[in-house]
Amino acid sequence: MKALSKLKAEKGIWLVDAPKPEMGHNDLLIKIKKTAICGTDMHIYNWDEWSQKTIPVPMVVGHEYVGEVVDIGQEVRGFKIGDRVSGEGHITCGHCRNCRAGRTHLCRNTSGVGVNREGSFAEYLVIPAFNAFKIPDDISDDLASIFDPFGNAVHTALSFDLVGEDVLITGAGPIGIMAAAVCRHVGARHVVITDVNEYRLELARKMGATRAVNVSKENLKDVMKELGMTEGFDVGLEMSGVPSAFHAMLDTMNHGGKVAMLGIPGGEMAIDWSKVIFKGLVIKGIYGREMFETWYKMASLIQSGLDISPIITHHYKIDDFQKGFDAMGSGQSGKVILSWD
C-alpha cells in the first residue's frame, strides 16, 4: 500500500510502498479516505529535538483521518463493514487507575498513533475498535478528517463555563482558531485571540473571533478598553506555548479567572506565580480529548450549526504530499487535507 513514512533520521517524509497492517481480534481495518497534516507531523517532518527522542525510524506517521471500515476483528461488536469512522489517536492501556476509573484521556501509558505506533498516512490503518468513532452522515469527510485537532479545541474551550464570559485565546494556530469558533457558538461574550501571524488572525476573524489582535502592532489592554472590559478576562485558553503570550494572559485575567493550557512550551517556562496566587486563578492542563465525551460534543456542535469549514484552506492528492507539507510549513495555511482516493 502507499504510505508516508519517516524513512530516515533527517528532515523530510517519504512516499513508500509499505505492507498492509495486520489486524487483531479487537481491531478494525480502515481504508483511509482523507488525512490532515498536524503540527506534530511538521515537528516529525522537520526532525526537531522532540522527534529525534520520540519517533522510531522508519515508521508510517499521521494521526488525523477519516476512512471506511473494511474488516472487523472477531471480538469486535458495534461496528460493521462500510461504517465511516475517524478515531481517537491516543491508544490507552485499559489497566491503569485512570483507565479503570473511566478517565482514559489521563492514561499514564498512552501510545500515540503515528507517534509511537504505525499511523494513518497510509491507504490502510489498524486501530483498536475502542478507539474508532462513527461519523454521522451529515458531517463531511473533510470535517471528519480534522476531528482530532477539533477535539483539542473543544476539550480546551469547554473546560469551563463560557456563557456570557470574556475569553482570551493566545495562539491563532488552527486549534486556537477553532476554539474561538466554539466559544462564540456556545455563548461567550467577547472572544479575543492573539498572535503575530496576520494570515491566521484573518482566519480567526472569519471564524467569529470578536477581535483578532496582532500583538506586534496592538496593545492587548487597549483592545480590552475598546471592548468596554473593566475587570479582565474570565477564561483564558493558552494555545501557543509561547512564554510572552502566557505572561500577557496572566496580566489580563480577572480575579478568580480560569485558564486551560494546551500549548506546549519549548522548555521550562518561568512565570510570576504571585499573579496566580493573588488573583486566585485556576489553571488546568489539557492533553488530547476526553474519551469519548469530547467526540460526541464535536459531532453535536457541528450538527447544531457550528461551521469550522473555513479552517480548511488547502487540499492535495497524496501524490502531491510535498505541496501539503510546504503549505503547512509556510505559516500561510489553516488545515491541509491529503486525499487518498
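Cβ coordinates come from backbone N, Cα and C, glycine included.
Noted in Swiss-Prot for the protein shown:
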BINDING   CYS38, HIS63, GLU64  Zn(2+) 1 binding site
ACT_SITE  THR40  active site, charge relay system
ACT_SITE  HIS43  active site, charge relay system
BINDING   CYS93, CYS96, CYS99, CYS107  Zn(2+) 2 binding site
BINDING   ILE175, ASP195, ARG200, LEU262, GLY263, ILE264, ILE286, TYR287  NAD(+) binding site
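Each residue contributes its Cα atom, and for CYS99 (Zn(2+) 2 binding site) and ILE175 (NAD(+) binding site) these two points are 26 Å apart. The Zn(2+) 1 site is set by CYS38, HIS63, GLU64; from the centre of their CB atoms, other residues of the chain with a CB within 8 Å are THR35, ALA36, ILE37, THR40, ASP41, GLY62, TYR65, GLY89, GLY114, GLY119, SER120, ASP148, PRO149. Of the binding-site residues CYS96, CYS99, CYS107, ILE175, LEU262, ILE175 has the largest number of other Cβ atoms within 10 Å of its own Cβ. Sitting within 8 Å of the Cβ centre of CYS93, CYS96, CYS99, CYS107, and not among those site residues for Zn(2+) 2, are the Cβ atoms of THR92, GLY94, HIS95, ARG97, ASN98, ARG100, THR104, ARG108, ASN109, THR110. Listed in sequence order, the residues of the same chain lying 6 or more apart from GLY263 (NAD(+) binding site) and placing their CB within less than 8 Å of its CB are THR170, GLY171, GLU238, MET239, SER240, GLY241, VAL242, ALA245, PHE246. Nearest to LEU262 (NAD(+) binding site) in space, judged by Cα atoms and limited to the recorded positions THR40, HIS63, GLU64, CYS93, is THR40. The shortest Cα-Cα distance between ILE286 (NAD(+) binding site) and any of the binding-site residues CYS38, HIS63, CYS96, CYS107 is the one to CYS107.
According to DSSP, ASP195 (NAD(+) binding site) sits within a strand segment.
Cα to Cα, ASP195 (NAD(+) binding site) and CYS38 (Zn(2+) 1 binding site) are separated by 19 Å. Sorted by the number of other CB atoms within 10 A, the binding-site residues CYS38, ILE264, ILE286 start with ILE264, the lowest.
Comparing CA positions across the binding-site residues CYS38, GLU64, ILE175, ARG200, ILE264, the one lying closest to CYS93 (Zn(2+) 2 binding site) turns out to be GLU64. Between the recorded positions HIS43, HIS63, ARG200, the minimum number of other C-beta atoms within 10 Å of a residue's C-beta occurs at HIS43.
In this structure, the CA atom of CYS96 (Zn(2+) 2 binding site) is 24 Å away from the CA atom of HIS63 (Zn(2+) 1 binding site).
Those residues noted as binding NAD(+) (ILE175, ASP195, ARG200, LEU262, GLY263, ILE264, ILE286, TYR287) have their most widely separated CA atoms at a distance of 23 Å. Among the recorded positions THR40, HIS43, CYS107, ARG200, the ones whose Cα sits within 10 Å of the Cα of HIS63 (Zn(2+) 1 binding site) are THR40.
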